[in-house]
Amino acid sequence: MTLDDQTLPARPGSIREEDVKLEEGHAVRESALSEGTFHQSQVVGKAIRKHFFCPPDATLADAVNRDADNVEFTDAEEKAVRRKIDRRVLTLVVSRSVMNVVSYLGNAHVLKAFNDNFGITNNNQWTLALSIFYVGYCSDDTPCSDAFSANMPSIGLLEMPANVLQRYIGANRFFFLSLTWWGLASVSFVYAKGYGGLLALRCAPCGLYRVLLGIGEAGYYAGMIYYLSFWYKRSELALRISLCMTGTLPGAIGGLLAFGIVRIQTKVLVGWQLLFLVEAIPTIFMAIVTLLFLPSFPFSSSFLTPREKAIAQARLNRDHRPKSHGGMTGWEGFKAVVNDIHAWLLMFMYASFNVGATSIVYFLPTLINELGFSPLASQGLTVAPYVVGWLMVVFQAWHSDKTRDRGYHIMLSTVVSCIGYTVLAVLATRGSGSNMIGGRYFALFLVVGGNYSLFPLVMSWAANVFSPTSKRGVGTAFIVSISNCVSIASPQVYFDANDNYQKGHAISAACLFLTFLPSFVLRMRLARMNKKNAAKRLAMAAEGASVMEIAGLERNEEIYDNDARYVFMT
């Protein structure tokens with residue numbers, strides 16, 4: 001009987017072939033682990049999603065997360081991955097935001113043809129048409145499939161089910177639906193007539209339009225913030241949100257386009273109708289681009305290599321460890337949010353400044369028109385406040401990220417905007433003489449810059465405060481949804497058209513003061529909690545806990561915001 005080498009005993013000092021292969025295999029595995037590709041290489045084939053609403057592949061997500069725990073990378077590699085994410089993700093989200101936020105309703109209102117078409121003869125009719133839109137946020141019906149409504153409370157607020165839906169099917173598919181519905185809703189304005197038609201378009205409680213516009217709008221702000229939290233660290237969010245969320249850039253673009261488009265007259269459509277057509281067509285086009293090219297999560301991105309996916313996930317795991325699936329259900333997240341005092345403080349903040357912010361977007365052309373400028377000139381003169389406001393928004397957000405501070409920056413923005421409204425209110429009492437035009441126009445710069453700076457600061461703070469990921473999604477949606485219900489009354493503050501809107505400016509200034517108070521309280525509270533948590537972490541270290549365990553990385557866990565290891569951004 002012939003014996004092969006495997007049955008022969010190894011001579012002293014000899015190296016068995018199996019040992020060599022085992023050692024080589026171990027070396028290859030260790031190399032793949034440090035490269036961040038080992039577990040991804042074990043996932044065979046490309047996952048096929050059976051239908052449009054099928055969730056992304058959880059197997060690949062787990063593989064990327066496991067690779068992220070072992071990948072080794074330099075600061076230069078991290079910056080390169082972040083730049084790559086900026087070029088793809090941020091570019092698409094900003095483009096999507098511009099398309100979704102550019103609204104010409106305020107621009108159209110100063111045009112006689114628009115008002116005649118919809119039978120708007122006084123300011124009360126206009127403010128009612130603006131307010132009735134927000135009824136859609138507080139509707140009784142939540143258009144959400146059973147798969148999601150089973151995990152969500154039936155509270156009739158679309159933002160929270162929208163974020164659950166986005167996490168379930170992926171951002172590209174969710175935003176495709178949102179943009180498509182928004183574009184179709186905008187087309188409806190082109191052919192509508194009469195004041196009843198305007199109210200039906202703005203509300204339509206039982207109609208298709210309200211459903212389309214409600215879903216398209218509801219998932220926008222909270223969904224975008226939630227989406228960015230899967231790609232960026234907490235200290236990187238404010239600047240990115242400022243580029244995506246603020247209405248200043250779309251406002252400037254809308255003012256420029258409106259200045260040119262309203263001059264166009266055709267046999268079929270007049271200038272104001274073309275405004276809404278221009279709003280609709282690029283929005284629908286952007287919906288298709290989003291579906292094809294926007295990745296839902298780092299693990300599902302095609303523009304990143306396996307190693308880059310691991311680096312993208314690792315940089316977040318070491319900051320706040322977002323999870324694309326699992327964790328709290330929507331209902332559990334909702335209960336955690338409503339029992340969190342931080343959520344109510346942030347909601348009160350957002351709701352207070354939103355009174356002025358939701359009004360100025362519709363009333364800016366009207367306020368400029370009231371200074372004595374023609375309707376056509378009023379379109380062009382909206383551009384400068386929006387451009388300067390955009391610079392203020394981006395600078396505030398950049399400096400907030402750099403200093404890792406939110407509270408003091410929010411307080412500063414409220415003061416700037418409050419000063420602007422105070423100037424408008426004071427000068428309104430002195431008439432509308434030519435010597436007052438410059439001061440009132442300058443005050444609009446402060447109002448626009450201060451108000452819109454608050455959007456990214458408050459919402460990035462909310463994204464920093466809530467954890468785990470599922471609670472963050474529900475929490476950001478909770479703030480936006482409740483605040484937008486409050487927005488029903490926002491346009492009504494400008495009821496005094498015959499008094500240069502003095503009372504409206506005064507009310508908006510008072511609301512900004514109400515934003516200042518909870519921001520001060522929340523900052524002091526979080527700073528105190530951070531000190532207490534730091535003392536608890538020192539106690540954990542004294543008891544022998546490892547650095548990895550204290551950081552929450554040892555057990556691949558997502559740290560909750562009520563855990564002593566969680567560090568709040570103040």
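Cβ from N, Cα, C; glycine included.
What TrEMBL says about a protein is an automatic prediction, not a curated fact.
Feature list (source: TrEMBL):
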DOMAIN    89-527  domain 'Major facilitator superfamily (MFS) profile'
TRANSMEM  174-191  transmembrane segment
TRANSMEM  211-230  transmembrane segment
TRANSMEM  237-262  transmembrane segment
TRANSMEM  274-294  transmembrane segment
TRANSMEM  343-364  transmembrane segment
TRANSMEM  376-398  transmembrane segment
TRANSMEM  410-429  transmembrane segment
TRANSMEM  441-462  transmembrane segment
TRANSMEM  506-526  transmembrane segment
Tertiary contacts of the transmembrane segment (376-398), as residues 6+ beyond its ends and Cβ separation under 8 Å = 107, 110, 238-239, 241-243, 246, 248-249, 251-252, 254-256, 258-259, 262-263, 364-366, 368-369, 409, 412-413, 416, 441, 444-445, 447-450, 452-453, 455-457, 460
Are the transmembrane segment (174-191) and the transmembrane segment (410-429) close enough that 3 or more Cβ pairs fall under 8 Å, when only pairs 6 or more apart in sequence count?
-> no
Closest-packing stretch to the transmembrane segment (441-462), where packing means Cβ pairs under 8 Å, from 174-191, 274-294, 506-526 = 506-526
Residue numbers, six or more beyond the limits of the transmembrane segment (343-364), whose CB comes under 8 Å of its CB atoms | 103, 105-106, 109, 130, 247, 251, 337, 382, 385, 410, 414, 417, 421, 444, 447-448, 451-452, 454-455, 458-459, 461-462, 465-466, 475, 478-480, 482-484, 486-487, 489-491, 493-494, 501, 504, 507-508, 511-512, 514-515, 518-519, 521-522, 525
